[in-house]
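Below: the structure, in structure tokens.
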Amino acid sequence: MLASNIEIIKQTVPVIQERGEEITQHFYHLLFEENPELKDVFNMASQSNGRQPASLANAILGYAANIDRLAALGDAVNNIATKHFSLDIQPEQYPIVGRNLLKAIREVLGAEVASDDVINAWAEAYGQLANILIGAEKALYENMKNTAGGWSGFKPFRVVNKVQQSSEITSFYLKPVDGQPLPSYKPGQYLSLKINDASLANTELRQYSLSDSHNSDSYRISVKREPAPQHDIPAGVASNFLHDNVKVDDTILVHAPAGNFYLDDSDKPVVLISGGVGVTPMLSMLNDLVRQHSPRKITWFHGTRNRQTHAFREHINALDNDLANLTKVVFYDDVAGATQDTDYNHEGYMTAQLIKENCPLDAEFYFCGPLPFMQAIHTLLRQLGVADEQLHYEIFGPSEALN
Ligand SMILES: NC(=O)C1=CN([C@@H]2O[C@H](COP(=O)(O)OP(=O)(O)OC[C@H]3O[C@@H](n4cnc5c(N)ncnc54)[C@H](O)[C@@H]3O)[C@@H](O)[C@H]2O)C=CC1
């Protein structure tokens with residue numbers, strides 16, 4: 001990039017900090033007005049509840065702030081490219097986004113702040129970022145093409161089994177219709193599903209964590225039914241469609257596994273902490289450790305509302321009985337009708353004290369759950385002195401940072 005443009009981008013950091021979300025909200029409005037078909041690529045619930053514009057504003061701010069030291073963006077670029085790979089984003093979509101982003105910057109900030117020089121600097125910066133992402137995505141597409149059984153885009157899978165795991169979580173077992181082998185994946189990774197039906201306003205693309213370790217027979221995802229939407233913000237459109245409409249023998253379009261949240265292969269102790277449906281990637285990790293006969297010390301922390309919502313209880317109890325290196329600690333918000341030890345161990349939320357008592361603090365910690373849960377666990381682990389490098393987590397939906 002031109003040195004003068006880099007300088008201009010750095011000067012725009014404060015205004016992006018202040019008005020970034022206004023710009024990205026307007027950007028999505030322009031984008032969908034010009035290209036309504038792109039509503040099929042984005043989760044429209046994340047548009048309505050503001051998470052997607054907030055996430056994009058944050059990403060743009062991170063880019064602008066680091067424009068003169070791009071190496072600092074490594075993880076962010078990798079995460080965006082991986083998400084794009086799972087959505088099958090193609091190079092020709094970048095100019096459409098770029099054009100509308102520049103237009104949004106100009107229209108929100110006005111020609112006085114967003115002068116021609118500023119717009120030109122952002123055009124160059126956007127072009128640079130697009131090239132970095134397109135390159136990273138190309139590597140992911142090629143890698144999948146060279147994997148046994150790998151495929152590009154979305155291909156049909158048959159639902160070969162549907163199993164209820166709790167009052168609200170149901171597993172779907174999926175096999176490729178073309179009978180090709182299943183590419184292996186890392187425990188913690190997810191699939192993207194494309195859900196297309198006349199009853200839905202848009203085609204829905206959603207990511208679901210694979211909930212078992214890799215096996216050559218089928219992929220398994222486990223999906224939570226979401227409560228009815230509030231304040232007209234759609235919620236659970238795809239998940240509830242899967243629960244209500246997708247039956248054994250139906251076919252569904254699936255993108256190959258992806259994701260940067262997965263189990264390390266060290267021999268350090270490992271602590272898996274989940275809240276609610278955040279159990280799914282944790283279970284994939286646990287089952288993978290079990291299948292490999294890993295000697296690692298494993299601690300399983302799981303919090304759920306009550307006995308009815310407690311998914312995979314029998315599976316985890318059986319592993320707990322069999323494995324000397326596994327410690328299970330389960331928390332219920334409400335223990336009515338439940339039996340201590342077989343169902344749950346503690347009533348209420350996880351505490352720093354109970355984490356300290358049950359987990360080696362030199363472990364690798366993986367956690368996943370609803371956002372307030374993630375924030376609470378992140379804070380507790382930091383209070384216990386666990387280093388950032390030992391913390392691994394995934395937030396479902398548009399990326400957000402935990403502080
Ligand atoms: N990684 C992510 O971003 C995840 C997001 N979600 C989303 O969150 C929503 C709720 O998920 P559910 O499975 O219904 O979870 P939930 O609301 O049933 O909560 C599960 C458990 O998390 C714990 N928890 C909840 N709030 C907490 C807090 N403030 N502090 C400490 N612990 C807390 C409790 O033990 C609770 O039983 C869903 O819409 C789901 O899509 C769920 C799992 C993962």
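For all residues, glycine too, the Cβ spot is worked out from N, Cα and C.
TrEMBL does not curate its annotations; it predicts them automatically.
Under the three-state DSSP scheme, Y94 (active site, charge relay system) falls in the helix class. Cβ environment of Y94 (active site, charge relay system): A130, L133, I134 lie under 8 Å away, each six or more residues apart in the same chain. Annotated active site, charge relay system per TrEMBL: Y94 (among others), in sequence order.
When secondary structure is read from DSSP and collapsed to three states, E137 (active site, charge relay system) falls in the helix class. There are 22 other CB atoms within 10 A of the CB of E137 (active site, charge relay system), with all protein chains counted. Per TrEMBL, active site, charge relay system is recorded for E137 (among others).
What TrEMBL lists as heme b binding site is H84. Here H84 (heme b binding site) comes close to L133, E137: these same-chain residues lie at least six apart in sequence, with C-beta atoms under 8 angstroms from its C-beta.
Summarising the annotation, TrEMBL assigns FAD binding site to Y190, R206, Q207, Y208, S209. Sequence-distant neighbours of Y208 (FAD binding site) (same chain, 6+ apart, CB under 8 A from its CB) are Y190, L191, L193, I221, S222, V223, T280.
Secondary structure from DSSP puts P281 (NADP(+) binding site) in a helix. Annotation for P281 (NADP(+) binding site): same-chain Cβ neighbours under 8 Å, separated by at least 6 residues, are P187, G188, Q189, Y190, S209, L210, S211, F261, Y366, C368, E394. Taken from TrEMBL, the feature NADP(+) binding site covers G276, V277, G278, V279, T280, P281.
For the domain 'FAD-binding FR-type' (152-264), the model gives a mean pLDDT of 94. What TrEMBL records for 152-264 is domain 'FAD-binding FR-type'.
Here TrEMBL flags 149-403 as region 'Reductase'.
Per TrEMBL, the feature site 'Involved in heme-bound ligand stabilization and O-O bond activation' maps to Y28. Y28 (site 'Involved in heme-bound ligand stabilization and O-O bond activation') carries a helical DSSP state (H, G or I).
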Which of the three DSSP-derived classes (helix, strand, coil) applies to H84 (heme b binding site)?
helix
Integer Cα-Cα distance in angstrom, G276 (NADP(+) binding site) to Y28 (site 'Involved in heme-bound ligand stabilization and O-O bond activation')
31
Count, for each of the binding-site residues V277, V279, the other C-beta atoms lying within 10 angstroms of its own C-beta, and report the residue with the smallest count.
V277
Contacting binding-site residues for ligand 1, chosen from R206, Q207, S209 when the Cβ sits under 6 angstroms of any of its atoms:
none
Counting across all protein chains shown, how many other Cβ atoms sit within 10 Å of the Cβ of Y190 (FAD binding site)?
27
Whole-number Å value for how far G278 (NADP(+) binding site) lies from Q207 (FAD binding site) (Cα to Cα)
13
Y28 (site 'Involved in heme-bound ligand stabilization and O-O bond activation') sits from V277 (NADP(+) binding site) (Cα to Cα, rounded, in Å) at a distance of 29
